[in-house]
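Participant: The annotation Mg(2+) binding site is assigned in TrEMBL to Asp31, Glu217. As annotated by TrEMBL, active site applies to Asp31. Among the features that TrEMBL reports, substrate binding site is placed at 32-36, Arg44, His48, 76-78, Trp80, Arg82, Arg198, 204-206. TrEMBL lists Asn79 with the feature active site, proton acceptor.
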Amino acid sequence: METEARHDALVNRQELIESGNVPRHIAIIMDGNGRWARQKGLTRAEGHRQGVKALKPIVKECAAIGVDVLTVYAFSTENWSRPQNEIDALMALLVEFLRSETEELKAEGVCIRTIGNISGLPELAQRAIQTAMAATAQQTRMVLNLALNYGGRDEIVRAINRWIQDNRSLTDNVLLTAPAMASYLDTAGLPDPDLLIRSSGEMRISNFLLWQLAYAEIYVTETLWPDFDPAELHKAIHAYQQRVRRFGGLRE
Ligand code: IPE
Ligand code: IPE
Ligand code: MG
């Protein structure tokens, strides 16, 4: 498969930083927990547990490299179609992650925020999110942005409906603009992702950040999410640093 084997050379954190071209915003589709579990003869829930475990070192490494924003796709608007016991396991893991890791993430200077329709999550999850966000609100080293009950289409529709509400009283024919649209999305105030990483080999976006990924560089690795470690992150950033971004213009 046309993934990134040619960039497999090991690069260390320092080299990535010294290149002077660290992505400001990395977005990750953390996929492959189920396949990882199946390969090991474990339950899907155990795969998700290992997937959550894999996240912390990646968050810390991104902060150490100097990434400003890390957005991770944790639960999509389509994931509700999974069996109820798997959904319950995912929600329990979310609450457990927030309860057990918030203090350490705070100490690392990480500010936790979310995108997605949080009001559609179970009460317990909503409360854990509120607590984690409040506890880390003053942190400025890096934003850890959790995409929960997130779908790109849902986000766009919610944004447009809120914009309509806010502009209803205006008499003249006011039209929605791209900057106004961006300011109504859940990611308002954040830069667009520079690098999208997807683990476990699937070549698709799966309704993630449809607006914001317009010019992101895409990196797909065969590695399953529970096996995705800081060395894998380094490979992805190294591959990004070899790319020529043109944004529709010409290579100089
Ligand atoms: C990603 O792993 C985690 C979530 C979608 C919540 P999957 O559960 O999609 O794993 P695969 O794709 O079945 O291997
Ligand atoms: C995308 O993975 C969603 C998350 C990682 C949370 P999926 O496993 O749900 O995506 P598809 O179904 O393979 O496209
Ligand atoms: Mg999957």
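Cβ coordinates are placed from backbone N, Cα and C, and glycine is handled just like the others.
A TrEMBL annotation is a machine prediction, not a hand-curated record.
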Participant: For ligand 2, which among the binding-site residues Asp31, Gly32, Gly34, Trp36, Thr77, Arg198 have a CB under 6 Å from it?
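Facilitator: So the answer is Asp31.
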Participant: Which binding-site residues from the set Asp31, Gly32, Gly34, Arg198, Ile205, Glu217 come near ligand 1, judged by a Cβ under 6 Å from any of its atoms?
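Facilitator: The ones that qualify, in sequence order, are Asp31, Gly32, Gly34.
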Participant: Can you tell me the CA-to-CA distance separating Arg198 (substrate binding site) and Asp31 (Mg(2+) binding site), as a whole number of Å?
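Facilitator: Computed Cα spacing between Arg198 (substrate binding site) and Asp31 (Mg(2+) binding site) is 7 Å.
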Participant: In which DSSP state, out of helix, strand and coil, do we find Trp80 (substrate binding site)?
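Facilitator: The three-state answer is helix.
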Participant: These are the binding-site residues: Trp36, Trp80. Which one scores highest on other Cβ atoms within 10 Å?
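Facilitator: Answer returned by the neighbour count: Trp36.
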Participant: With every protein chain in view, what's the tally of Cβ atoms within 10 Å of the Cβ of Gly34 (substrate binding site), excluding that atom itself?
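Facilitator: Result for Gly34 (substrate binding site): 20 neighbouring Cβ atoms inside 10 Å.
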Participant: Tally every other Cβ atom lying within 10 Å of the Cβ atom of Thr77 (substrate binding site).
Facilitator: 19
Participant: Within the set Trp36, His48, Ile205, which binding-site residues show a CB-to-ligand 3 distance under 6 A?
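Facilitator: What lies within reach of ligand 3, judged by Cβ under 6 Å, is none of the binding-site residues.
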Participant: Once the DSSP letters are reduced so that anything not helix or strand counts as coil, what is His48 (substrate binding site)?
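Facilitator: In the DSSP reduction, His48 (substrate binding site) maps to helix.
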